[in-house]
Amino acid sequence: MITYLFNPFRYIAGVKSLVAGILVLLLTAITGYFSHTHFPDLISIKLSPAFPLWYFVAQVFTNWLVISIVLYMLALIFSSSSVRIIDIFGTQALARVPYFLAAFTGFFGAMHKFGQYILYTRFHQGEPVNLTSTDVVLAVSLMIVSLLLSIWTIILMYNAFRISANVKGGKAVALFITAFIISIVATLFLSRYYLSLITG
Amino acid sequence: MERKLPIVCPSCDSELKVNSLHCESCSTTISGLFELPLLLKLSRKEQDFILNFVKASGSLKIMAEKLKLSYPTVRNMLDDLIGKIEKLQHTPQ
């Protein structure tokens, strides 16, 4: 059971994981569109205003493509095995399953209210918001859930890379951290570019 | 019960060698000091993997289907096995 949750790539990779992963990415983008939850970089989960659907689709697919491209290049350079591109891209797509669940957090009104409360009290933006203790408990619980989902995603992404590229130990960790940092910067930059297309 | 061929010394973990061979048919026993063939130095699981790999005509795809594992997992098992065989071949006897 633990293996299925944290390393399903022992059993599924290639075309199967790519098809399933792309489906998950599409569902994540659509759910995010309706719940106003977006993913402005590789791991962030944030509430968003009502943006067009293409923004959510572009963001979700960019996050997947950027890390996959970087990991594939690193695998080609540093792995002694013959690495298949479909394994890297397929497993990385499937590794983003937890973010599909994270996209549902935006459906809870408490998250939006909490966000508005923080904006008003810390940055003096928007209108004053009355937060009930239930809202606070729910919002904090959802933030903890989001954090756990992010950690789960990172573990899945690492295991996907480890299996697909056949790298182990310190080498796998170092390559993954490198790819992770490059991807965060690149996705953040691209996400801001998409945002500029909307806001002008 | 199937008996396992010991390949390492239970006392000091050194590699074992063949000391005698016996013919069940005529009870002839040959004594000497013989190296274990390379394949016998592998674990039973690794030997089974090689047998299955040959039976699958060297297809990792078929192996993955048979073992119900993903293609890269099976490829990694093969790569690890190749690494172990190369290490055994380069280990001085």
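Numbering starts at 1 and runs along the chain as displayed.
Backbone N, Cα and C define each Cβ position, glycine as well.
Database features, via TrEMBL:
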- A:12-34: transmembrane segment (TRANSMEM)
- A:54-78: transmembrane segment (TRANSMEM)
- A:99-119: transmembrane segment (TRANSMEM)
- A:139-161: transmembrane segment (TRANSMEM)
- A:173-195: transmembrane segment (TRANSMEM)
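Counting Cβ pairs closer than 8 Å and at least 6 residues apart in sequence, the transmembrane segment (A:173-195) and the transmembrane segment (A:99-119) reach fewer than three and form no contact. Residues 21, 25-26, 28-30, 32-33, 38-42, 85, 88-89, 92-93, 96, 99, 157, 161, 164-165, 167, 171, 175-176, 178-180, 182-183, 186-187, 190-191, 194-195, 198 of the same chain sit 6 or more residues outside the transmembrane segment (A:54-78) yet have a Cβ under 8 Å from a Cβ within it.
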